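Report on one structure; see the data block that follows.
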Amino acid sequence: MEDRKVIIETGWNLDNSYANLPKLFFSKQVPTPVDSPKLIILNDHLAAYLGLNVQSLQKSDGVAVLAGNQIPKGALPIAQAYAGHQFGHFTMLGDGRALLLGEQITPRGDRVDIQLKGSGRTPYSRGGDGKAALGPMLREYIISEAMYALGIPTTRSLAVVTTGESVFREAELPGAVLTRVAASHLRVGTFQYAAEWGTVEELRALADYALKRHFLDGDGTENRYLFLLQEVIKRQAALIAKWQQVGFIHGVMNTDNVTISGETIDYGPCAFMDTYDPATVFSSIDMKGRYAYGNQPYIAGWNLVRFAETLLPLIDDNKEKAAQLAESAIGEFMQLYHSNWLSGMRTKLGIFNEEAEDKILIENLLSIMHKYGADYTNTFRALTFDDFTDMALFDTESFAEWHEKWQERLGRQEESKDSYHELMKSSNPEIIPRNHRVEEALEAAEKKGDYSVMEKLLDVLSNPYAHSNEQAGYVALPEKSTCPYRTFCGT
Ligand code: AMP
Ligand code: MG
């Protein structure tokens, strides 16, 4: 007799194409079961996009999957191998505390990685415990979802569960597992690993896989591997320009944290800049400011050179020719970055068309913002709404002069005031995940088990261009503090 009980299927529809790559690219590894998983937060919208049933995910079987206690149908858990330059030094890495469950094929046919982060030790854990603490996982959830809402390519966060176990860092902390969703987890570091420890055929298999997964197989191009390089360069140029436009500082732009898909990945020590200053660094371990805000485009260029080096044997058998082709592709990066940046900054100032002097107009604004210690986000918000109060910058002669030039510039375009106001509204966020707000939400969650502060914050961050009354309460800057904000790697 058939069981009449209705079982809601969660909707896992997993494939494992990455596991068809040569063996050197991964190790099979099951997650380490945890004591008592509890769902802390679930991303309903993302679940729906993935074709997953929210009610079913909330039930104990659903949560067991998000904690690594149960393996969903079709999953083949693996730890991915990769290498990377960390602060300039090349080293072997790999998923030390993460596992790829598989690739979910979504109802609309997209293929996205489902990864558990904090799911226990793997062959790549080195000295680490393979675990993650609740605070950093919630931080990744908040910031990655804020980035998504800002319109910036990023990995996403499906859920955070606590494990009922402690992890030991500088203190005893509640353990957690984050479910990360990504276009893929292919990194520049994956190619570095292949180039260093694989054969040319293994490297080619990886490059073919990346082309198939992200770049329509490179169909119709003369040199597919050069095309791969050019496309990754394009995506990174667009990505970094977007970071700069919202004042996002990644904090740890090591080559293992640079995706081939062009998504932002690895929300460890990242943070958003308040006061505009190109030298801003938040990460406690970035002593020399290698990954400072103003350095991000140059570091991206450096990382892409590392990527180009890995592809040389595939680009051409003739070493000189390969180097020449790769160099000319790399040579495009700064120009591409700059034109992305310029067009984005034009929209922030309500400018539709192009004039040669626009760059100077933008740079002059940034220079006086820097001089007078203006808040980055709030300056553009003030320009959007003609609301020049509360900021020293706005009382200066330099600003008055700049403002006049800007008004003249706007007057030289055909578009109406209404249309450039709309352009500015959709280009300048009302709110960003400001550090003090994120900290406040994490503190309530970690110390009191109160997740309402975080939920409220996530709600206002989910549409940063809404400019709603509710968001206005989040515009305020942190109290002046003598001690600069510091972030830590999410270990
Ligand atoms: P990340 O700083 O998150 O980019 O991590 C750098 C490397 O350290 C990666 O290979 C991680 O998998 C590994 N790692 C980070 N935290 C841990 C941990 N708690 N246990 C094992 N490996 C870790
Ligand atoms: Mg990383």
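Even glycines carry a Cβ here, placed using N, Cα and C.
For the ATP site, TrEMBL gives GLY94, GLY96, ARG97, LYS117, ASP129, GLY130, ARG180, ARG187; the one candidate out of ASP266, ASP274, ASP277 that the record lists there too is ASP266. Look at ASP266 (ATP binding site): DSSP puts it in coil.
In this structure, the binding-site residues that sit close to ligand 1, with a C-beta under 6 angstroms from any of its atoms, are ASP129, ASP266, chosen from ASP129, ARG180, ASP266. Of all Cα pairs drawn from GLY94, GLY96, ARG97, LYS117, ASP129, GLY130, ARG180, ARG187, ASP266, which the record names as binding ATP, the longest spans 23 Å. In this structure, the recorded positions that sit close to ligand 2, with a C-beta under 6 angstroms from any of its atoms, are ASP256, ASP266, chosen from GLY94, ARG97, ASP129, ARG180, ASP256, ASP266. Counting neighbouring Cβ atoms within 10 Å of each of the binding-site residues (ARG97, ARG180), the lowest count belongs to ARG97. When other Cβ atoms within 10 Å of the Cβ of ASP266 (ATP binding site) are tallied across all protein chains shown, the result is 23. When the alpha carbons of ARG180 (ATP binding site) and ASP256 (active site, proton acceptor) are compared, the span between them is 16 angstrom.
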